[in-house]
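What TrEMBL annotates here:
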type     : residues               : note
SIGNAL   : 1-23                   : signal peptide
DISULFID : CYS83-CYS356           : disulfide bond
DOMAIN   : 443-808                : domain 'Ionotropic glutamate receptor C-terminal'
DOMAIN   : 453-515                : domain 'Ionotropic glutamate receptor L-glutamate and glycine-binding'
BINDING  : THR526, ARG531, ASP743 : L-glutamate binding site
TRANSMEM : 568-588                : transmembrane segment
TRANSMEM : 637-659                : transmembrane segment
SITE     : ILE666                 : site 'Crucial to convey clamshell closure to channel opening'
SITE     : ARG693                 : site 'Interaction with the cone snail toxin Con-ikot-ikot'
DISULFID : CYS757-CYS812          : disulfide bond
TRANSMEM : 829-852                : transmembrane segment
COMPBIAS : 897-912                : compositional bias 'Low complexity'
Amino acid sequence: MKVISALLLVGVFWSQELKSASSDSIIHIGAIFDESARKDDEVFRLAIADLNLNNEILETEKITFSVEFVDGNNPFQAVQEACELMNRGILALVSSIGCMSAGSLQTLADAMHIPHLLIQRSPAGTPRSDCSPTSRFPGTDDYTLMVRPPVYLNEVIMQVVSEYSWQKFILFYDSEFDIRGIEDFLDRTSQQGMDVSLQKVESNINMMITSLFRTMRVEELHRYRDTLRRAVLFMSPATAKAFITEVVETNLVAFDCHWILINEEISDYDLQELVMKSIGRLTLVRQTFPMPQNTTQRCVKHNHRINTSLCDLKNPKAQQLEISNRYIYDSVLLLANTFHRKLEDRKWHSMASLSCIRKNSKPWQGGKSMLDTVKKFGVSGLTSFLEFTDNGTNPNIFFEILGTNYGEDRGRGVSRLATWDPVHGLNGTLTDRKLENNMRGVVLRVVTVLEEPFVMVSENVLGKPKKYQGYSIDVLDALSNYLGFKYEIYVAPDHKYGSLQPDGQWNGLMGELVFKRADVGLSALTITSERESAVDFTTRYMDYSVGVLLRKAERTVDMFACLAPFDLSLWACIAGTVLLVGILVYLLNWLNPPRLPMGPVSSTTLYNSMWFVYGSFVQQGGEVPYTTLATRMMMGVWWMFALIVISSYTANLAAFLTISRIENSIQSLQDLSKQTDLPYGTVLDSAVYDQVRSKSMNPFERDPMYSQMWRMINRTGGGDNNVEESKEGIRKVKYGRFGFVWDAAVLEYVANNDEDCLFYTVSSNAPDRGYGIAMQHGSPYRDIFSQRILELQQNGDMDILKLKWWPKDSPCDLYSSLQTKQHGNALDIHSFAGVFCVLAAGVVLSCLIAMVESWWSRRKGSRVPSKETQADGPSARQAADPCPHNPNEHPLALGGQTQNQNPNTANTTAPTSTHYQPPACCDIPCALIVQHSYEPTNPSKHPPKMRMTTFTTSPPTPRTIRRSTWNTYTAGLTACAPMMKAPTSSSPPLPSI
């Protein structure tokens, strides 16, 4: 019976093929398929055969068809074949083709008004990317209906990696995939701070993997292995199977890896093969179609029965159906139902022979009506339910997320983890399942080397095992608490990390592992190619870089830091400006003396002018008020100048006193390598020693830094500048001139915890390797340790452990060569030492000047005899009271005479002049001060009481009298001391004017 059914089916195919060319049926469908879509053609023909056997849909009418195959990368050929189909007369066009030719067919369908059902096809089964929108004229209808839903791969994979809490992974894509399809995903991962690497998988995967091993160094391969622990694959199932097989066979991945493969086209057969070939955990994301489990319900849809070879899950042909095959069948079924409704409505439009070549060819008049009918109704088929929105897209799409558990066993079970659709999003919970705690009851023997802060002795009680602490110990405790093992720890006998000896044997910590005396090696142990050739390492738990420990320079005291805001030349200009302005003020007052007095006025000497200009510059005011317009203008400009200078000085002084600007001679390893004054070295035969030596001898190393460092480190065979232990190198830095090159993490801890903050560190910016836990070669614990370390890093627990030993709020500044602690920006006495020195110098100079003035006044007073004493002689009253008179009792001269003079002489034209000097009894060493009073010549114009008073040490000159408007002159004595005798008539007169 099966043979007869097959023969009947073949007969139907041949009859339909012949009928497509010769029948006069009114229903004709055209199809254009990619050359690689032979299976689409088979399903297309099978669907038409099923419908022609169904009398409930088309009744007596039958569907005829024409099929053309084209090169998917040749749009011109696609348009040419489509024009040929339209010339034959078709009601609709079905195409299964890629984006390159789809745009041309879309434009042609819009122009000729032919409904076009497009099933987008990706090349070689790679994941789909959205086709670029086709530009059309405004107001024209879109006659192309996108049968396959829009591409939602970006949204699905973004939610999956977010649920897994991945922060760092690598994304592989095959050569046929259009990487522009994941631009949105990469943008969103970048916005969320995820570290995503991209790598293209070439068609020759074996050659690609071989080139990796040939071009990468060992440490680079280890980093690459760490990256492969989390990966997303955008590739076809065939490429994914070949790629997974290759990386598993070359040991690039371990059973703790987790990979995600996303592709709409993953069949059940592909799924089983992928699980068989992979190790670790595998998550697969594929498109699914919700269908009833009952075969009858799956195959019978409304008024149509689907061929059992396509709907029965037990049928091998149904299991290997591609997604495009399903959409091809449903597209034909949808068109058949559309034709059925058009026939029932009696709104049938006959087919017209359309020509794409003629200029005046008109589009099909029934195209719009046919298109609206197709978009108005849907159909249930192999894709669950096919319908279109107003913009011509299919909104129905569902994804299922399948996954396996961690393990090395091949053929592990696959379970559905969650589903996704555009309306509800993710339905289910995704968690990156942890490894089982399968190390309970295991006791590991751990060998270590003491190295602060990785491993240190915390308690050493006689008769009891030593207790250890440190960063590496904290990591080991975290692994022990999670995995359930216990450990015994001891120090390597020779206290060394170990190196390969001339006899080919390892010593130190490495030797303990090689000779199977220890299970785990733990300390500040870096992963190197030489070490990894002898033992196995877990993934790095901390980055490593080379640094140098240096002693901070002694802080130099700048006593005159207060002068730092201005340059020496600027200070000289300011001093010269003070002198120049003082001289100008004096000259202006001398050329144009003030006419109207304003209160008591001092003499405008050069000394007073200088003093007033200086006082106003330092904002302390002045003694001499100048009233002339020129002087006021000059002083106004000067005050503005002084305000700007003082404000600038004040603002700049704050910055100079609070910011330390010390030029550091060694700021990087490059600076260290270029100088030869400061010797430096490292631990002999250590990993740092070998690293500098190997890089200095590498002819491809472009940076000459390591060769220069090696010349210093290897001076005299390495005996002068190298040490046996790291503690010895730290002591040499602290008590001598030496730079210690060592692990940057160790040096930062030493500098952080120094009580006097004597050290600072300089290190390379980019870490080139990492710290790992060493195990015996082939240890079964390596992968499970690595997995747990990755989990600690992803959860942030590793950062918390690191902050315990390298806190951010360190009391010492690790990167400044200034020997000081970070206690804010408070100013100290050193910043103002120069100011106090200037003040002390001023006090001493003032005292010296006062002593000289006192000595000079006493000496001058002893040489000048008292004239009053010579004329009258001392009386008995003067003997009893040497200075009995009060200064307020001094007679005031009015109208040219004093109170002791004769009143009859008051109206003399010439003023009466009287000269006074201090009595001998007062013995005051000060100059004689004479008060000059001027009264107006015409009292009717000026009030008689108005007087102008000046103080001078000599009588007025005739020039002074002539330039004034006063002609009445009277002289009187003012006190130059607390007690002064009144003038007498015997005092010599002032010179006549």
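Glycine is no exception: its Cβ is also placed from the backbone N, Cα and C atoms.
Those same-chain residues not listed among THR526, ARG531, ASP743 yet with C-beta within 8 angstroms of the centroid of the L-glutamate site C-beta atoms are TYR497, ALA524, LEU525, ILE527, THR528, TYR544, ALA687, VAL688, ARG769, TYR771. For the domain 'Ionotropic glutamate receptor L-glutamate and glycine-binding' (453-515), the DSSP counts in helix, strand and coil order read 20 helix, 16 strand, 27 coil. Distances between the Cα of THR526 (L-glutamate binding site) and those of the recorded positions CYS83, CYS356, ILE666, ARG693, CYS812 are shortest for ARG693. Mean model confidence for the domain 'Ionotropic glutamate receptor C-terminal' (443-808) is a pLDDT of 80. Of the listed recorded positions, namely CYS356, ILE666, CYS757, CYS812, the sparsest CB environment within 10 A is found at CYS356. Residues THR526, ARG531, ASP743 are recorded as binding L-glutamate; their most distant pair of Cα atoms lies 17 Å apart.
The shortest Cα-Cα distance from ILE666 (site 'Crucial to convey clamshell closure to channel opening') to any of the recorded positions (CYS356, ARG531, ASP743) is found for ASP743.
Applying an 8 A CB threshold to same-chain residues 6+ apart, the list for CYS83 (disulfide bond) reads LEU108, SER355, CYS356, ILE357. When the recorded positions ARG531, ARG693, ASP743 are compared by Cα distance to CYS812 (disulfide bond), the shortest distance belongs to ASP743. In this structure the C-alpha atoms belonging to CYS757 (disulfide bond) and ARG531 (L-glutamate binding site) are separated by 35 Å.
Annotated pair ARG531 (L-glutamate binding site) and ARG693 (site 'Interaction with the cone snail toxin Con-ikot-ikot'), C-alpha to C-alpha distance, rounded: 16 Å. ARG693 (site 'Interaction with the cone snail toxin Con-ikot-ikot') sits 16 Å from ASP743 (L-glutamate binding site), taking the Cα positions as reference. Candidate recorded positions: ARG531, ARG693. Fewest other C-beta atoms within 10 angstroms, ARG693.
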